[in-house]
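Participant: One structure, pasted below without further comment.
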Amino acid sequence: MSNKLFRLDAGYQQYDWGKIGSSSAVAQFAAHSDPSVQIEQDKPYAELWMGTHSKMPSYNHESKESLRDIISKNPSAMLGKDIIDKFHATNELPFLFKVLSIEKVLSIQAHPDKALGKILHAQDPKNYPDDNHKPEMAIAVTDFEGFCGFKPLQEIADELKRIPELRNIVGEETSRNFIENIQPSAQKGSPEDEQNKKLLQAVFSRVMNASDDKIKIQARSLVERSKNSPSDFNKPDLPELIQRLNKQFPDDVGLFCGCLLLNHCRLNAGEAIFLRAKDPHAYISGDIMECMAASDNVVRAGFTPKFKDVKNLVSMLTYTYDPVEKQKMQPLKFDRSSGNGKSVLYNPPIEEFAVLETTFDEKLGQRHFEGVDGPSILITTKGNGYIKADGQKLKAEPGFVFFIAPHLPVDLEAEDEAFTTYRAFVEPN
């Protein structure tokens with residue numbers, strides 16, 4: 001068997017927020033790719049992990065050897081010398097590729113950058129198991145909604161004026177100081193911009209450090225307001241969102257730090273957002289492809305029963321305040337492929353990964369891809385077809401995952417009209 005292209009078995013996580021039973025794409029993919037997986041219809045299936053992360057590594061489908069071990073035996077062939085030199089790793093991929101199926105809101109969270117990741121890992125390896133940063137990209141496979149980054153300053157000022165419950169938590173002095181002193185049109189990086197960020201940090205800190213009793217009282221009042229006076233809110237979808245998330249996490253601080261301070265983002269299938277390290281975000285519902293730097297570090301803020309590290313969270317965030325449209329990514333044309341179907345590239349402004357989506361709208365269509373200068377992982381998400389490389393022709397069905405070595409030309413062939421694949425890869429430049 002060639003060691004340049006081979007099928008992988010990917011593990012799955014059953015976090016509470018995952019879609020239930022067969023409604024989950026994660027469950028469907030896991031069961032279709034491994035007939036021994038019996039879907040439990042009352043259990044959540046949240047994440048499919050594809051990569052070398054030690055928490056849930058992928059395995060060669062035939063030999064059952066871990067991808068991590070396969071790479072460590074021949075890193076120059078599996079990663080490429082330039083990738084080894086750049087990321088200083090000889091047994092792991094610099095990215096982690098996932099499918100997420102989201103039924104309930106995930107915790108509002110942010111991820112440390114590289115410098116802070118090393119510090120937190122050294123201080124508290126239990127809660128911060130990695131020393132790396134974790135920028136992420138999410139591509140919607142179905143309709144998706146989430147929180148991403150702080151709202152523009154004027155929107156937050158309007159919330160403080162219109163929603164007494166938020167003002168009660170933030171406090172009169174901090175609220176007034178924010179409303180009167182923000183400069184929404186400040187240039188990025190200017191002293192005025194830095195002052196804006198300090199004002200926003202003060203508001204967020206007051207919310208995150210409010211007592212549980214205060215949050216509980218004000219949350220119940222906020223939910224009643226959303227039912228009885230929906231016009232008090234500056235966005236028409238906010239009252240419904242508050243009520244829905246309150247059913248999932250009653251009286252939670254996330255109703256304030258999420259619904260009222262963060263952008264509420266909706267993506268149609270094919271749209272994507274990039275989430276920088278140290279930017280607050282949370283996924284609310286939908287199915288997504290997610291790619292990230294290889295880390296599992298999370299600093300949580302709300303909508304979670306898990307450990308909340310409020311002190312580090314408040315101090316580490318960037319406090320950028322862009323509208324949600326600025327965080328969306330435009331797919332790019334991918335010039336190194338030809339033939340039937342369509343390939344688009346999602347290329348975030350970081351060095352660890354990019355993701356290529358390929359779709360076919362006709363049976364028996366074929367598309368050729370030149371080799372890329374680093375390792376890849378490819379998953380089929382819809383339809384049936386084949387992946388061909390290095391003299392092999394392997395069946396590709398929903399949930400089937402493959403490793404592709406550097407510099408290897410690949411062909412995809414559609415057996416069905418709606419054949420779709422996603423390919424995460426890294427290159428040195």
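A Cβ is built for glycine as well, from the same backbone N, Cα and C atoms used for every other residue.
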Participant: Which of the listed residues, Ser23, Ser33, Ser107, has Swiss-Prot annotated as phosphoserine?
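Facilitator: Record says Ser107.
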Participant: Can you find which of His32, His264, His281 Swiss-Prot lists as binding Zn(2+) at the same site as Gln109, His111, Glu136?
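Facilitator: Candidate listed by Swiss-Prot for the same site: His281.
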Participant: Here the recorded positions are Ser107, Gln109; which one has the lowest number of other Cβ atoms no more than 10 Å from its Cβ?
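Facilitator: Ser107, out of the recorded positions Ser107, Gln109, has the fewest neighbouring Cβ atoms within 10 Å.
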Participant: Out of His111, His281, Arg300, give me whichever of these recorded positions has the highest number of other Cβ atoms within 10 Å.
Facilitator: His111
Participant: Starting from Arg300 (active site), work out which of the recorded positions listed here (Ser107, Gln109, His111, Glu136) have their Cα within 10 Å, and give them in sequence order.
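Facilitator: Final answer, ordered: Ser107, Gln109, His111.
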Participant: Let me know the DSSP-derived helix, strand or coil state of Ser107 (phosphoserine), please.
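Facilitator: Looking at the DSSP assignment, Ser107 (phosphoserine) belongs to neither helix nor strand, so coil.
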Participant: I want to check the contact list for Glu136 (Zn(2+) binding site): same chain, sequence separation of six or more, C-beta distance under 8 angstroms. What comes out?
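Facilitator: Those within reach of Glu136 (Zn(2+) binding site), by Cβ under 8 Å and sequence separation of 6 or more, are His111, Phe274, Leu275, His281, Glu290, Cys291, Met292.
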